[in-house]
Amino acid sequence: MGSKLYIRTFGCQMNEYDSAKMADILLSEKGMELAETPEEADLILFNTCSVREKAQEKVFHDLGRVRHLKNSKPDLLIGVGGCVASQEGPEIVKRAPFVDLVFGPQTLHRLPDLIDARRRTGRPQVDISFPEIEKFDRLPPARTEGSTAFVSIMEGCSKYCSFCVVPYTRGEEVSRPLDDVLTEVAGLAIQGVKEVTLLGQNVNAYLGKMINGEIADFATLLDYIHEIPGIERIRYTTSHPREFTARLIEAYQRLPKLVGHVHLPVQSGSDRILAAMKRGYTTVEYKSIVRKLRLVRPDISISSDFIIGFPGETEDDFEATMKLIDDVHFDESFSFIYSPRPGTPAADLPDNTSHQIKLTRLYRLQEKIQLNAQAISQGMVDTVQRILVEGPSRKDPGEFCGRTDNNRVVNFAGHAGLTGSFIDIRITAVSSHTLRGEISDMQ
């Protein structure tokens with residue numbers, strides 16, 4: 001029996017993708033298989049996220065919970081990867097000497113070598129370098145068992161927003177060559193994948209080298225993926241307003257496989273706060289992108305990110321954000337109270353707003369967006385929606401669920417044979433975060 005691997009993943013879809021790649025490479029090169037619990041494992045990996053406050057303390061807390069396992073299993077290895085590893089580096093081993101491996105998002109492909117070096121030398125191994133796109137050359141071909149898959153097309157971020165730690169933990173923007181991405185997507189299609197989600201910190205900043213030496217922008221990549229047989233839906237996340245080009249907007253007119261949903265983080269509706277955040281656009285420019293998108297795809301769904309309580313945010317600034325929500329009619333949001341990230345410019349800004357005021361603003365914003373979402377969902381009742389059936393419902397395993405083109409989850413009475421298929425569903429009711437439906441007579 002081979003040795004076992006346990007991975008705990010925190011944070012974004014990029015981390016989910018990276019964790020899957022860790023498992024793939026350790027299966028391919030070390031013959032490891034996944035364990036369901038840390039107690040079963042011979043290697044425990046924490047793939048961490050540093051976006052939120054106290055992320056580092058959360059990691060050390062979780063490390064402390066598995067430390068005792070080494071008492072009964074001396075050969076057990078414990079590793080920390082992801083953005084906290086990149087940010088903290090050797091400090092992790094200083095605070096937790098029982099940690100064996102520390103590696104960043106760009107060095108996960110070196111895990112087999114790090115494991116070998118740890119066993120050979122008996123010393124902890126730390127590698128948080130930024131070897132650009134090398135990791136994709138070392139990773140085994142993508143494997144999947146479902147009808148949906150993530151595909152990372154670029155790494156890092158070069159925008160340096162004043163509040164964000166990502167450029168320091170994942171490095172500058174580096175795009176995979178066009179043919180590498182297309183080969184991965186085509187391979188997934190052969191395995192039965194029908195929907196791909198393209199990933200990147202600023203996915204629409206993609207600039208991939210082509211075989212002829214030219215550079216493919218994000219719209220060109222979408223054109224090529226659209227032609228791959230078997231792929232019926234294309235999603236992507238996360239996009240940046242500064243990179244939302246006219247060519248990308250036009251893609252929504254000519255590419256029917258490109259879903260009718262865009263996640264386009266705005267962060268604030270105040271131009272003064274946007275400037276302090278160093279976002280590089282105004283609210284007028286943001287609304288112009290949305291208006292042009294709706295001209296070519298009138299029913300497109302727009303979701304966003306908001307940071308509440310950025311240093312210096314006044315009530316007028318917050319009201320400007322609420323007005324932007326009214327103007328755009330956002331469908332969904334990921335909204336948080338600002339938390340300073342060490343080493344970022346915004347961490348040094350004075351902050352005189354009380355936590356209670358920030359909480360009140362956050363609740364008001366979330367309530368407004370929830371009302372928008374409910375109104376949009378209510379408008380879908382009695383319509384027929386095409387969904388990709390993903391499998392049993394999380395809340396009720398006796399039911400099944402799928403996702404609409406505009407990213408709504410629909411629960412319905414079905415059977416396992418529908419999993420991985422596109423079906424037509426008549427929407428019958430709206431719940432707080434999902435829709436209910438029944439298989440349409442039009443099937």
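The backbone N, Cα and C atoms fix where each Cβ goes, glycine too.
Database features (Swiss-Prot):
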DOMAIN    3-120  domain 'MTTase N-terminal'
BINDING   Cys12, Cys49, Cys83  [4Fe-4S] cluster 1 binding site
DOMAIN    143-375  domain 'Radical SAM core'
BINDING   Cys157, Cys161, Cys164  [4Fe-4S] cluster 2 binding site
DOMAIN    378-441  domain 'TRAM'
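The two recorded residues, Cys161 ([4Fe-4S] cluster 2 binding site) and Cys49 ([4Fe-4S] cluster 1 binding site), have Cα atoms 17 Å apart. For the recorded [4Fe-4S] cluster 2 site, residues Cys157, Cys161, Cys164 set the reference point as the centre of their Cβ atoms, and the other residues of that chain within 8 Å of it by Cβ are Lys159, Tyr160, Phe163, Val165, Val166, Pro167, Gln201.
Each residue contributes its Cα atom, and for Cys164 ([4Fe-4S] cluster 2 binding site) and Cys12 ([4Fe-4S] cluster 1 binding site) these two points are 14 Å apart.
In this structure, Cys49 is the one among the binding-site residues Cys49, Cys83, Cys164 with the smallest number of other Cβ atoms inside 10 Å of its Cβ. Just so you know, the Cβ of Cys12 ([4Fe-4S] cluster 1 binding site) picks up 19 other Cβ atoms within 10 Å once every protein chain is counted. For the domain 'MTTase N-terminal' (3-120), the number of residues in each DSSP class (helix H, G, I; strand E, B; coil) is 62 helix, 22 strand, 34 coil. What surrounds the [4Fe-4S] cluster 1 site, by Cβ distance within 8 Å of the Cβ centroid and not counting Cys12, Cys49, Cys83, is the set Phe10, Gly11, Met14, Asn15, Thr48, Ser50, Val51, Gly82, Thr169 from the same chain.
In this structure, Cys161 ([4Fe-4S] cluster 2 binding site) belongs to neither helix nor strand by DSSP; it is coil. When the Cα atoms are compared, Cys49 ([4Fe-4S] cluster 1 binding site) and Cys157 ([4Fe-4S] cluster 2 binding site) turn out to be 15 Å apart.
On the backbone, the CA of Cys157 ([4Fe-4S] cluster 2 binding site) and the CA of Cys12 ([4Fe-4S] cluster 1 binding site) stand 15 Å apart.
Taken together, the residues of the domain 'TRAM' (378-441) have an average pLDDT of 93. Cβ-based neighbour count (10 Å, all protein chains) for Cys161 ([4Fe-4S] cluster 2 binding site) stands at 21.
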